[in-house]
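Peer 1: I grabbed these lines from Swiss-Prot:
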type	residues	note
REGION	43-219	region 'Disordered'
COMPBIAS	72-87	compositional bias 'Polar residues'
COMPBIAS	105-146	compositional bias 'Low complexity'
COMPBIAS	149-159	compositional bias 'Basic and acidic residues'
COMPBIAS	160-171	compositional bias 'Polar residues'
REGION	234-379	region 'Disordered'
COMPBIAS	234-293	compositional bias 'Basic and acidic residues'
COMPBIAS	294-303	compositional bias 'Low complexity'
COMPBIAS	342-361	compositional bias 'Basic and acidic residues'
DOMAIN	489-659	domain 'tr-type G'
REGION	498-505	region 'G1'
BINDING	498-505, 545-549, 599-602	GTP binding site
REGION	523-527	region 'G2'
REGION	545-548	region 'G3'
REGION	599-602	region 'G4'
Amino acid sequence: MSDNDKPKLGMRAPLGIKRTVETSKVKQSFSHGRSNTVIVETKRRRVINKPGSGDAATAAETAKKQAEPVENTPNKDTAVTQTATKNETVATPAAAPAPAPAAAPKPVAAEATAQETSKAAPAAAQPVAEKEAAAPASAEAAKSAAIKVTDRGAKKTTEKNGANASGNRPSGNRSQDNRGRQGGRGSQNKNQTRSGGQPRQPRTLAHRDLASRQELQARLLREAEESRLQALEEARRREDRLKQEADLEEQRRIEEKRRLEAEAKVEAEKQAALKEKEKAEAKARAKAEKEAKAAQAKTAGAAEGEEKTRRPAKAAAPKAREERSESPRSPAPRRFTPVSPPRREAPRPAMRDRKGEDRRQSGKLTVTKALSGDEGGARARSLAALRRAREKDKRANQNRAQQVRQIRDVVVPEAITVQELANRMAERGADLVKALFKMGVAVTLTQTIDQDTAELLVTEFGHNIKRVSESDVEIDSSSDVDPEETLKSRPPVVTIMGHVDHGKTSLLDALRGSDVVRGEAGGITQHIGAYQVESPSGEKITLLDTPGHEAFSEMRARGANVTDIVIIVVAADDGLRPQTVEAIDHARAADVPIIIAINKMDKPEANPQRIREALLQYNVQVEAMGGDVQDVEISAAKKTGLDELIEKILLQAEMLELKANPDRAAEGTVVEAKLDRGRGPVATILVRRGTLKVGDIFVVGEFSGRVRAMTDAQGKNQKEAGPSMPVEVLGLSGVPQAGDTLTVVESEARAREVAAYRAEIALRKRTTAQPASLESMFSALKDKQAVEYPLLIKADTQGSVEAIAGALNKISNEDIRVRILHQGVGGITESDVSLAAASGAPIIGFHVRPNSKARDIARRDGVALKFYDVIYDLIDEIKAAMAGKLGPEYFETVVGKAEIREVFSAGKHGRAAGLLVLEGYIRQKLRARVLRNDVIIYNGSIASLRRFKDDVPEVRAGLECGITLEGSTDIKAGDIVETFEVEERARTL
């Protein structure tokens with residue numbers, strides 16, 4: 001029974017991946033004449049051709065192979081093997097990368113192919129252990145599957161052959177039944193058998209079985225390859241997962257290690273601190289025990305010495321001591337020994353009778369024991385006595401420690417509070433107050449004492465004093481002189497001075513090639529400007545332009561102090577004016593050379609010779625008049641004579657040998673300072689020596705700062721400024737005074753210290769009262785009687801503020817004086833308006849304006865805001881306002897004088913006076929006063945005027961008349977009557 005004929009247990013065929021098996025019958029003939037019909041499995045042969053090859057070639061090759069006669073039976077295995085190898089090569093080119101051997105002795109070709117596949121698989125495996133294990137496993141599985149299929153096919157073939165041998169069925173029917181399936185193959189086999197006389201070997205069946213096995217083997221190899229690739233992919237994924245897990249584990253382990261290290265460190269610190277604490281406690285405890293033992297030993301030694309002096313020396317003392325040791329219960333004299341329990345012998349086994357003993361007397365000192373000298377037992381010292389001894393030693397040690405006092409060096413300034421001095425001495429403040437009270441000075445801890453009193457205290461407490469002065473903080477630049485080898489030539493600083501409208505700024509414009517006059521309000525200079533120009537020869541000259549108005553005398557003085565050469569501009573058509581003379585005085589006070597520039601020579605009325613002669617009145621002698629002062633005739637408008645002027649400036653600078661050290665910390669002078677709304681405080685600095693750089697820390701006046709930016713006269717940013725170079729500096733903490741010195745320091749702390757000291761000195765000067773004198777008392781009384789005119793001044797620059805304040809103070813007199821509540825640089829703010837509203841003062845704004853909020857507050861509170869651009873207008877209006885506050889002036893003019901000759905009654909009018917007019921005239925309703933012995937006894941007016949009995953309006957000199965006075969009858973003969981008129985005039989200052 002074949003596999004297909006076996007009975008099925010189930011109703012349905014089992015599911016599987018096997019295809020339906022097709023069978024056919026083949027007649028097998030043997031050499032001895034017998035034949036056998038064999039049922040074989042029929043499979044269609046599939047030939048896989050290479051691309052480009054046709055089906056005809058394949059069919060011809062197949063027919064040729066089938067037509068070859070089978071010569072020998074022993075070569076069947078070899079042929080089958082070769083065919084299998086060739087078909088395998090064609091069918092599965094991807095499964096066998098290595099070429100198969102030409103002949104294999106084994107009957108199954110799948111085994112060789114599986115072995116080759118298994119050999120190739122490990123070569124492609126990865127070096128990972130899992131991948132190496134997966135590849136051989138897949139190869140072994142493929143090999144075993146191929147062997148099983150081969151064995152199963154061989155077994156089926158054997159069973160079929162046996163069935164055919166026992167059946168004896170005719171082969172023709174089988175061949176005819178399978179003719180439709182076999183096609184021409186059955187006929188061909190049949191014809192071959194008939195024509196040949198010999199039985200033909202079933203090569204076609206072997207080829208079909210071999211093809212089916214090859215297909216199965218190829219499929220299994222493909223599945224094995226897919227399994228191997230899948231296993232490799234899974235191994236790679238597993239390796240990546242394990243690697244990630246290992247990284248995470250490593251990171252967790254590192255974090256855990258760090259945490260444990262931190263905890264261990266904290267624990268170690270705690271343990272160390274605990275050990276230190278325990279060590280300190282043990283040390284203190286050991287020290288206390290050592291002191292206690294020392295005290296006990298000292299007390300015991302003293303007690304033993306006392307006992308030896310009291311007790312007589314006996315030869316039998318050792319014997320008595322032995323007896324006392326044998327009987328410790330006997331009474332013994334009192335001994336001062338350290339606290340320790342008395343030694344006792346070991347308890348005896350037998351208890352003796354104690355009825356006769358007096359235990360209450362044991363260990364007590366009696367007269368009998370003391371006289372007999374019995375020292376049978378040592379008396380222990382009480383705890384109270386030991387405690388008292390310890391306290392005594394402790395007090396002695398404390399007194400000894402107090403006697404050792406640390407001597408300190410105490411720095412004492414000119415003024416210091418008691419508490420601060422106590423802190424520096426490390427003493428209690430109460431002790432210093434007690435010491436001062438003993439000296440007769442009653443102060444508290446917060447009061448200030450002078451340096452001499454502080455020195456007495458420091459000396460009394462045993463310390464050393466170190467006297468310092470507050471001025472030590474100040475920077476002393478006078479002693480800082482640069483060595484001669486470090487000096488280098490620098491440009492000259494030239495100041496242009498002169499009267500108003502004489503052409504100073506026009507000359508500067510001609511030298512600079514700019515137009516500064518057009519930017520000034522009213523065409524006059526009201527600020528001091530600093531510029532630097534370059535001569536045609538390439539040498540630089542620094543120019544300072546000063547105002548010519550009389551209010552700016554302080555600016556002119558500052559300009560003369562920081563300059564090297566002064567150019568005094570005199571208009572040839574106007575001559576010498578007051579400010580011209582003042583400029584000459586400033587230049588002489590500063591001891592700088594003068595160059596006279598006679599300007600406006602282009603006008604027809606110019607007379608330079610008259611200018612030279614007028615200068616002789618002020619001891620200015622030009623070279624043309626035999627002197628040493630240079631003079632130049634120029635015209636700033638026509639730009640004539642400028643080259644000669646520059647030449648003389650450079651000649652004068654060469655004679656002066658101007659030098660400075662550029663390689664040092666910078667020092668400069670504030671030429672002008674202002675508060676810019678966008679940039680903050682800005683100062684124009686003229687560097688005198690050193691180099692000022694961006695980032696330098698400096699002190700200027702009462703303020704400190706750091707150079708944030710520097711710009712020159714053209715508005716270009718500069719990184720550094722050398723000697724004689726004017727720059728605008730940003731970065732100040734406040735607006736300094738014009739003329740203050742700028743000094744670069746090493747640190748911000750030093751800058752703040754110096755600035756704080758200068759601010760304190762300035763505040764002290766403002767608040768310190770002047771010593772009282774008779775003159776100052778009368779002056780203060782006069783000031784109180786005078787009317788005050790309060791106001792606030794805000795200007796764009798510090799120099800303008802000073803000029804306005806000085807000019808307003810000059811117009812004050814004994815009747816009214818200006819009281820400046822506040823003066824500052826910058827715009828008008830809300831705080832300025834609030835201060836003015838509280839005092840009822842107007843606010844003067846010079847080149848500044850208020851912000852919108854300040855304007856609203858001023859409108860609400862009724863504060864007057866006055867704005868000016870020209871200082872002339874400001875001074876004139878303030879004068880008029882001050883005069884208006886005083887009111888008009890009244891002037892008396894005596895128009896008549898008469899003498900009373902007779903007094904008579906006038907009825908209801910009282911008393912009338914008969915007069916003789918001596919001077920002038922007397923009119924009715926004129927104001928009159930009565931003088932008696934040159935003392936005014938009446939001041940009023942004339943009620944009525946009569947001549948004889950008629951009322952007259954006027955009586956002139958030489959005539960007689962009668963008058964009555966309003967509200968007065970105290971008149972006598974001989975009194976003088978004066979009549980006068982009062983004229984009201986507007987007050988002027």
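Cβ atoms are placed via backbone N, Cα and C, with glycine included.
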Peer 1: Just counting, how many other CB atoms are there within 10 A of the CB of K504 (GTP binding site)?
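Peer 2: Counting Cβ neighbours of K504 (GTP binding site) within 10 Å gives 28.
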Peer 1: Helix, strand or coil by DSSP: which one applies to K504 (GTP binding site)?
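Peer 2: Looking at the DSSP assignment, K504 (GTP binding site) belongs to a helix.
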Peer 1: May I have the DSSP-based helix, strand and coil counts for the residues of the region 'G4' (599-602)?
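Peer 2: Looking at the region 'G4' (599-602) with DSSP, the answer is 0 helix, 1 strand, 3 coil.
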Peer 1: Quick check: in three-state DSSP terms, what is G498 (GTP binding site)?
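Peer 2: G498 (GTP binding site) sits in a strand per DSSP.
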Peer 1: Fewest other CB within 10 angstroms, which one of the binding-site residues G498, D501, T546, M601?
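Peer 2: Each of the binding-site residues G498, D501, T546, M601 was scored by Cβ atoms within 10 Å; lowest is D501.
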Peer 1: Give the three-state DSSP assignment (helix, strand or coil) for T546 (GTP binding site).
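Peer 2: Going by the DSSP assignment, T546 (GTP binding site) belongs to neither helix nor strand, so it counts as coil.
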Peer 1: Taking helix as H, G and I and strand as E and B in DSSP, count the residues of the compositional bias 'Basic and acidic residues' (234-293) in helix, strand and coil.
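Peer 2: So the compositional bias 'Basic and acidic residues' (234-293) is made up of 60 helix, 0 strand, 0 coil.
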